[in-house]
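K.L.:
If you scroll down you'll find the structure; I have some questions about it.
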Amino acid sequence: MTTYKSGLEYAKHLDQNDTLAHFRSQFHIPKDKNGNDLIYFCGNSLGLQPKNTKSYIDQELDDWARLGVEGHTEGKNPWLHYHEFLTETMADIVGAKNKEVVVMNSLTANLHFMMVSFYQPTPKRYKILIEADAFPSDKYAVESQLRHHGYDDKEGLILWKARKGEELANYEDLEHILNEHGNEIALVMIGGVNYYTGQFFDLKRITNLGHQHGCMVGFDCAHGAGNVNLDLHNSGADFAVWCTYKYLNSGPGSLSGAFVHERHANNKDLNRFTGWWSHNKQTRFRMRDEFDQLPGAEGWQLSNPPILSMAAIRASLDVVKEAGFNNMLEKSKELTNYFEFLINGLNNSDIKIITPSHPKERGCQLSIQVKNADRSLHDKLTQAGVITDWREPDVIRCAPVPLYNSFQDVYNMVEKLKNIL
Ligand SMILES: *Cc1c(COP(=O)(O)O)cnc(C)c1O
């Protein structure tokens, strides 16, 4: 591990040796009133806009203007197959085979569609296990699935909680829950990287545990995709979903990704909701055929997708491809370790980083707990030009991301935090 030093000169030195530093200029960095770059640490919430996004969207607007409906087949990038342009890079990023990945719908919608297939409760085995501080949308989604199948959403929900006085979930506790209740649990559904603590779970370990007890296992990787090495195929998970507007910089509310493990690729008996886009591509437009299920993750599509949003995803994935996802992970580790070093260097007993300190158990986000702080701390940071995310009761979530954040961003942020405290 690198031994870091304090001081601005050292931050500049790290930036000079950063082989990805020039990618910052490929993004629009929000500015303050005086035209200076803000320190943007909210890539875990909404990633910044790549400068190439506009031209990718313009291309499709132009083809639509020029060709109308013919754009589906005659456009420069025929819309009929547009989602296939995204598959390979997306599969690389999440560690999956091409046929295991599709971009479609929005995130919570995909979570529901996956649960249509992978949450098949019976009176004996109907419960769902989630982590205690799950992202609210995920919690609401699984509760509504329980109710939809006629079960009580309190009794049916089992929470994997951190121990009293601790912040992070513990695998021994998960084992304990499964030993105790495994035969009642139909689905284990965990946020791959917890949004609040930044804890990156061991997906393979959780999957193995769930499978040993006969449960289906799925992950919401919204805070993981583009941020950590998810290695979804090897995790063995049954399904995963994620969004593309956080670490994958595709714009507000953009489309979601879904992973279905190849062992389910040709299973036509799995319950699922279908539409014309789940039907065999060759015969889709004959329109009167009996339904013929597309194999693989694509078989979960319903609708012809919004091309303008996909163009933004393609623009962003092309930047990732150019940078190399492994290079991004390398830099990310350095940025966050350096960030941790500087925060610890403040020697302030009111500050505690609740994110795991081992780089394998986190992505770029650090969740910084500040004793007795309130929202005014966040507001002061904002006034000082640092964009972070405040979570009640006392946590600032900060995500320096490798494509557009610099080591000087990290240095300057910690200096400003120090001054405010
Ligand atoms: C960001 C996020 C969401 C948001 O869901 P949308 O359907 O895209 O609004 C849901 N779950 C998790 C874990 C998230 O991080």
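Glycine is treated like the rest: Cβ placed from N, Cα and C.
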K.L.:
Out of TRP160, TRP276, which does TrEMBL tie to the same pyridoxal 5'-phosphate site as LEU107, THR108, PHE135, PRO136, SER137, ASP138, ASP220, HIS223, TYR245, ASN304?
P.N.:
TRP276
K.L.:
State the Cα to Cα distance, in Å, between LYS246 (N6-(pyridoxal phosphate)lysine) and SER137 (pyridoxal 5'-phosphate binding site), rounded to an integer.
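P.N.:
For LYS246 (N6-(pyridoxal phosphate)lysine) versus SER137 (pyridoxal 5'-phosphate binding site), the Cα atoms are 15 Å apart.
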K.L.:
List the same-chain residues at least 6 positions away in sequence whose Cβ sits under 8 Å from the Cβ of TYR245 (pyridoxal 5'-phosphate binding site), in sequence order, or say none.
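P.N.:
Counting only residues 6 or more apart in sequence, the Cβ neighbours of TYR245 (pyridoxal 5'-phosphate binding site) under 8 Å are LEU46, GLY47, GLY251, PRO252, GLY253, SER254.
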K.L.:
Do any of the binding-site residues LEU107, PHE135, ASP220, TYR245 touch ligand 1, in the sense that the CB is under 6 Å from one of its atoms?
P.N.:
LEU107, PHE135, ASP220
